[in-house]
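Some notes on the structure that comes next.
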Amino acid sequence: MTIFEGSFTNASTLKVGIVIARFNDLITNKILSGCLDCLKKHGLDTSELSNQVDIVWVPGSFELPIAAKTLMKKKSYDVVIALGAVIRGETSHYDVVISEASKGISQVSNENNVPIIFGVLTTDTLQQALERAGIKNNLGWNYALQAIEMGSLIKNLN
């Protein structure tokens, strides 16, 4: 029996793309910071001159799939992280954005055979989003760990 797993020890060889929504940037900037901190601590070069990590800003979470798709056509990535924050309001807009963003990201990932980490916070309140972006825990760190694990796993499988 062969067991394949992702590794956290050889992360420094990964090429990572990040697509991030500007809407709710009070939250998304914090998530990005946590994400970059984790990548750096695992050996990736996150400096502005880095060829290892690319960041693309989009208006909102609805635009994440097309940006991820276009980014992957431009360069080869081991993994892409899609970051956003959608906070429930009084209309059905929340449900539409989350549904389409998640479906689109999954479709782009499968079409390109590249893992895309779904790092879009979906919360009922701003307070919940703030808690997940750093007051209690920064989920950006978790999304980066998922990216490292999946990126290395797919490299091992190929």
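Numbering starts at 1 and runs along the chain as it is shown here.
Backbone N, Cα and C define each Cβ position, glycine as well.
The feature active site, proton donor is assigned by Swiss-Prot to HIS93. Cβ-based neighbour count (10 Å, all protein chains) for HIS93 (active site, proton donor) stands at 12. Following the DSSP three-state reduction, the secondary structure of HIS93 (active site, proton donor) is helix.
The C-beta environment of ILE87 (5-amino-6-(D-ribitylamino)uracil binding site), restricted to residues of the same chain at least 6 apart in sequence and closer than 8 Å, consists of ASN24, TYR94, THR123, ASP124, THR125, LEU126, GLN128, ALA129. Under the heading 5-amino-6-(D-ribitylamino)uracil binding site, Swiss-Prot lists PHE23, SER61, PHE62, GLU63, ALA85, VAL86, ILE87, PHE118, citing sequence analysis as support.
Long-range neighbours of ARG132 ((2S)-2-hydroxy-3-oxobutyl phosphate binding site) (same chain, six or more residues apart, CB within less than 8 Å of its CB): LEU121, THR123, ASN138, LEU139. Classification of ARG132 ((2S)-2-hydroxy-3-oxobutyl phosphate binding site) by DSSP places it within a helix. Here Swiss-Prot flags GLU90, THR91, ARG132 as (2S)-2-hydroxy-3-oxobutyl phosphate binding site, drawing on sequence analysis.
When the alpha carbons of ALA85 (5-amino-6-(D-ribitylamino)uracil binding site) and HIS93 (active site, proton donor) are compared, the span between them is 13 angstrom. Note on proximity: among GLU90, THR91, HIS93, the recorded positions of the record, the Cα nearest PHE118 (5-amino-6-(D-ribitylamino)uracil binding site) is that of HIS93. Comparing SER61 (5-amino-6-(D-ribitylamino)uracil binding site) with GLU90 ((2S)-2-hydroxy-3-oxobutyl phosphate binding site), their Cα atoms are 18 Å apart once rounded. Looking only at Cα atoms, GLU63 (5-amino-6-(D-ribitylamino)uracil binding site) sits nearest to HIS93 among the recorded positions GLU90, THR91, HIS93. Each of the binding-site residues SER61, THR91 was scored by the other Cβ atoms within 10 Å of its Cβ; the lowest score goes to THR91.
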